[in-house]
Amino acid sequence: QFLFVVTFSTFLLCCVDYDVLFATRPLNHSLVPERAKVTLPDAVLPAPQCARRLRGSGWLLFLLVLAGAVWLGRRAAPSDTGAMHYWAAPRCPAPTPVPLPQEELCNHSWQSVQARLLALQRRQPLCVPRRELTELDIHHRILRFRNYTVAMVNKSLLPVRFRLPLLGPVVFLTRGLQFNLELLLFRGPAALFQNTWSLRPQVKRAGARRALARGLARAAVLLGVANLALCPCVLGWRLLLAFFSYAEGLKRAPGSLGARRWSLYARHYLRHFNELGHELRARLGRGHAPATRYMDSFSSPLLAVLARHVGFFAGSVLAVLIVLTVYDEDVLTVQHILTAITLLGLVVTVARSFIPDEHAVWCPEQLLQRVLAHVHYLPEHWQGRAGRAETRAEMAQLFQYKAVFILEELLSPLVTPLILIFAFPPRALDIVDFFRNFTVEVAGVGDICSFAQLDVRHHGNPQWLSEGHTEAPPERQAEHGKTELSLMRFALSNPRWRPPPPARRFLGHLQAQVTRDAATAPPPRHLLAEGPLAASLFSEDSALAVSGGASGGLGVFGVPSPPD
């Protein structure tokens, strides 16, 4: 895509005769008198003339050289994949590939591949210091940096949440900002990691914390200045990429910009520790439909009336133009008639998106419970407030419009330098302390985030079913019960994993409580739930629905507030 966008943009700038294309200059047909119409080849300049125009543009040559350097740098940079992380550590030499034919790879689940790898470790040790690897070790190596990022988002250390005048609370995390933060913390020359598996030794010394924080803050400012210097080039690239990526889709389906997607911030906020990318995508994919229904349940009556009228007016004019073109195709030759038809179709589509479904029943509490059953994490203060506009606004930060996502990516080259220069340095000391306090070294694995060990004794929250199982002070506890929920998910996804004794006791306590809750549930409720009447009474569309009544698993994973 990068090479195509650069090449195609250069062709459009240097090799197209727009005077001929727009018919502002008549084409000389004396050489071919029988052809009177202008064709596309007529508007393309010959190769020598195109080369002369390219050589005569110094700024374009500079941009091409810069683009070539960026492309070569991207090819030379290591990719952020689990394989690179797994093979990077010197403690474990490059393993013999797990024998799976390429054509059969798509038929194997991750669990089967992982089982083969563990069996291979027992037969032919891949990791020298360890005779046996566990499922948790493999996840630690693949998700080393990702677990740190998820933990920092959970502890609100990264500068991604702001309060702006007139706008209020704002979340801003784009792919460009994420790349710069990873470069600053994990991969750059001034990063806290000296390689892909271990921190710099001075990071683990408390006496060097202030010097490290000053160096990290200085590196953030320098990186922000570099981003600011490259801002015009990056912004131009983002505009071109957005145009080539979304223009055709916008013309074909104008309503696609009104579709929603999980934001990049949500993919960190809602991610469990040690959750692989495909597992996260599957879980959020299951929550996409109920989240869409929840967000669509909010509507403004005034806006709906306005949208109906605007849609009616635009649709009437569009219908007349379509009838005229069907009656006589020469209408299409009228200047800007296609533009008018396209814009009117866009207006009609956008207007319809603001008109609510007249058959929908407004029951936000049940819809939000459906969302919670899949995403597992929602702020506690949302409980009982699902119908509030404030809750919907906060949910929109996690589940944003596609148009908002595109706008944030376009603004990223302008906003990212400001965040690196002004917002990151004040948090440098806290980030250095976080890496020192929440890093443990595991033989054969390297330095990992201690939260990723799923240790409820050191990072558990007493309010989340860890009463008597945790010794963690408040500052060492994960927020929103992430340690407990991550442990439950990992144990369910890896049934052969043997957890350590504290985690085993916690899981046993959890299983016993779920069994007691199931045994003490009212029998009429179970009998009623089996019939079609209950399917109507307790559906998310019904105002009579009981909280959590029809959403299996809410008692384990999806609770707005910590359970008793």
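Each residue, glycine too, has its Cβ placed from N, Cα and C.
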Range annotated as transmembrane segment - as stated in TrEMBL, picked from 2-19, 56-73:
56-73
With TrEMBL as the source, identify the stretch among 156-175, 176-195, 336-355 annotated transmembrane segment.
336-355
Listed stretch, out of 56-73, 219-247, 302-324, that has the most CB pairs under 8 angstroms to the transmembrane segment (336-355):
302-324
Long-range Cβ neighbours of the transmembrane segment (56-73) (under 8 Å; 6 or more residues past either end):
2-3, 6, 10, 13-14, 233
